[in-house]
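*Asks:* Once you've had a glance at the structure underneath, I'll fire off some questions.
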Amino acid sequence: LEHLSLSVADCPGTGSAQAGRAAACQGCPNQKLCAAGATGPDPAEAAALRERLRCVKHVVLVLSGKGGVGKSTFSAILAHGLAADESKQVALLDIDICGPSIPKMMGLEGEQVHQSGSGWSPVYVEENLGVMSVGFLLGSPDDAVIWRGPKKNGLIKQFLRDVDWGEIDYLIIDTPPGTSDEHLSIVQYLGASHVDGAVIITTPQELSLQDVRKEINFCHKVKLPIIGVVENMSGFICPKCKNESQIFPPTTGGAEKMCQNLNVSLLGKVPLDPQIGKSCDKGQSVLSEAPESPATSSYRNIIQRIQEYCDQHTQEEKII
């Protein structure tokens with residue numbers, strides 16, 4: 001039998017002229033997609049995207065290797081935390097096409113998208129916090145989105161090109177887990193603008209960290225800056241005795257050890273807290289529902305670090 005292997009060590013990356021054409025691309029499931037995008041987006045499309053994104057100051061992608069590690073939860077809490085400053089305009093874009101949970105988490109289930117002369121109007125949680133998701137386009141939250149890659153990519157492009165966000169300070173993009181079509185597309189489309197970086201979500205156990213290492217390699221390949229890693233479900237603090245238990249034991253040192261080995265910033269650790277799940281199901285922010293909880297304290301510190309990173313990124317761009 002012929003031995004099949006898939007090596008990423010020699011992958012030229014999506015931005016290379018050799019993307020999809022190099023010898024290392026043979027047998028890769030994304031070969032056709034990379035080859036099609038190697039010449040870059042259509043100049044007219046790129047100009048339209050650049051014009052629409054011109055009013056966006058900061059773009060933050062939220063990624064995860066595995067599903068179920070709290071990526072969408074973090075995206076929602078990050079958006080709420082940034083929007084707590086009423087002088088800032090925040091947008092949350094959900095490109096998890098097949099599993100759009102942001103409408104539920106933001107208390108917007110049943111809302112619909114309206115179109116005006118300037119494009120699609122986001123659905124607003126607050127005056128300074130707008131949301132867009134495929135969930136708003138479905139007849140029911142239980143409807144399954146059964147789409148192949150090209151259709152997903154088309155909707156992502158439409159979200160970036162046609163949604164009328166107005167002037168915004170932060171665009172938070174909640175992505176599906178893994179490194180698939182949606183991730184390649186969003187990086188390619190945002191190439192017409194700028195991205196401050198990615199926040200990668202994990203849990204402490206090695207099974208999750210294994211996929212996060214792949215996610216970090218993906219970011220390096222596509223030249224996507226990494227703001228840092230957030231470790232969710234990092235221990236459980238008993239509300240009565242205050243002792244901490246490791247529900248998901250960090251058998252290989254958790255995110256902290258991984259970040260040290262890979263020279264990536266650890267933004268913080270968020271302990272398990274039942275209130276987080278309750279708040280998400282109610283469509284509320286745990287930051288306001290449980291302001292004194294250890295999880296809220298961790299989230300606030302992480303959000304502050306992300307703000308500081310974005311501010312520093314802006315200053316460096318001005319210097320350049």
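Counting starts with 1 at the first residue shown.
Note: Cβ is positioned from N, Cα and C throughout, glycine not excepted.
Quick paste of what TrEMBL says about this protein:
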{"type": "BINDING", "residues": "Cys11, Cys25, Cys28, Cys34", "note": "[4Fe-4S] cluster 1 binding site"}
{"type": "BINDING", "residues": "Gly65, Lys66, Gly67, Gly68, Val69, Gly70, Lys71, Ser72", "note": "ATP binding site"}
{"type": "BINDING", "residues": "Cys238, Cys241", "note": "[4Fe-4S] cluster 2 binding site"}
{"type": "DOMAIN", "residues": "57-213", "note": "domain 'AAA+ ATPase'"}
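Are these features on the surface or tucked inside, and what are their neighbours?
*Replies:* Under 8 Å, Cβ to Cβ, and six or more positions away along its own chain, Gly68 (ATP binding site) finds Pro177.
A sphere of 10 angstroms centred on the C-beta of Cys238 ([4Fe-4S] cluster 2 binding site) encloses 9 other C-beta atoms.
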*Asks:* Check each residue in the chain of Lys66 (ATP binding site) that is at least six apart in sequence and keep those whose C-beta is under 8 Å from its C-beta; list them in sequence order.
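*Replies:* Pro177, Thr202, Thr203, Leu207, Ser208, Asp211, Val212 - these are the non-local Cβ neighbours of Lys66 (ATP binding site), listed in sequence order.
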*Asks:* I'd like to know which of the binding-site residues Cys28, Cys241 has the most other Cβ atoms within 10 Å of its Cβ.
*Replies:* Cys28
*Asks:* Hey, how far is Ser72 (ATP binding site) from Cys238 ([4Fe-4S] cluster 2 binding site), Cα to Cα, in Å?
*Replies:* 25
*Asks:* Taking only the residues in the domain 'AAA+ ATPase' (57-213), give me the average pLDDT of this model.
*Replies:* 92
